[in-house]
Amino acid sequence: MNSVLFLTLAVCSSLAYGKEFVATVRQNYKENINQLLEQQIQKELAASYIYQAYASYFQRADVSLPGIKKFFSDASSEERDDAQSLIDYINQRGGHVQYDKIDLKDACETVMKFVTSDTSGLEEFRDRRMCICGFVATKTINDNCGERSDWKEGLIAFEDTLAIERYVNAQLLDIHKKADDEKDAHLTHILEHEFLEEQVSSINKIAHAITRLRSFEQGSGNNYKLGRVYLRPTPQISH
């Protein structure tokens with residue numbers, strides 16, 4: 001009994017300690033801002049997880065689109081780099097970082113909910129089903145995907161990607177607004193020049209890819225053409 005109580009107190013003490021700010025560094029850096037940045041780290045890592053899953057899907061022998069696989073592998077790495085940049089930034093400001101689990105199904109469902117919201121600006125994607133994500137996840141996302149031949153092509157994946165990038169961008173814009181409300185000039189500057197600039201560029205590039213794919217006739221040959229062109233994600237801005 002005493003050992004259990006000691007362990008419980010030790011865990012609670014550890015959690016409390018982990019949430020301490022670094023007083024010698026922290027200045028004009030609020031708890032609510034730190035919490036938002038922690039949440040954004042989770043969202044960046046969730047996006048990375050989705051992209052890694054998509055990369056593995058396009059590497060399958062019955063899909064075999066190496067160019068698109070490479071696109072998603074690089075996109076996954078880019079999102080992880082963004083998460084690391086946020087971690088570095090929190091530490092630079094004297095903040096603290098706690099981590100939560102990442103569930104692929106939950107991550108995909110969050111994007112789906114964003115797409116169907118009034119603020120997404122993606123009315124044409126209201127029937128987004130994230131079928132590839134559901135195919136590679138351990139838990140079923142929905143039962144409305146039908147035959148795999150209907151959604152296994154690259155166009156669907158890039159439409160999913162546009163939704164994900166716009167979701168991440170919306171979260172960054174929300175953090176920027178709250179940072180501005182708190183008069184945190186340093187954070188608003190970092191968000192504008194190192195994160196939002198990159199997101200806008202990525203969204204534009206993905207939109208071009210979708211337009212190009214839609215202009216092709218449906219078929220794996222045209223997906224292969226896009227794969228050979230290889231639409232590389234926008235290079236990471238140095239943080």
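Placed from the backbone N, Cα and C atoms, the Cβ positions cover glycine too.
Since this is a predicted model, take the numbers as computed values, not measurements.
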Exercise. Can you match one of Q42, Q59, Q199 to the Fe cation 2 site that Swiss-Prot gives for E79, E165?
Key: Q199
Quiz item: Which residues, in sequence order, are found in the same chain with Cβ within 8 Å of the centroid defined by the Cβ atoms of E79, E165, Q199 at the Fe cation 2 site, excluding those residues themselves?
Solution: E44, A47, E78, D82, I164, V168, N169, E198, S202, I203
Quiz item: Quick one: Cα separation, Q199 (Fe cation 2 binding site) versus E79 (Fe cation 1 binding site), in Å?
Solution: 11
Quiz item: Can you tell me how far the Cα of E165 (Fe cation 2 binding site) sits from the Cα of E79 (Fe cation 1 binding site), in Å?
Solution: 10
Quiz item: In sequence order, which same-chain residues at least six apart have a C-beta under 8 angstroms from E79 (Fe cation 1 binding site)?
Solution: E44, L45, A47, S48, Y51
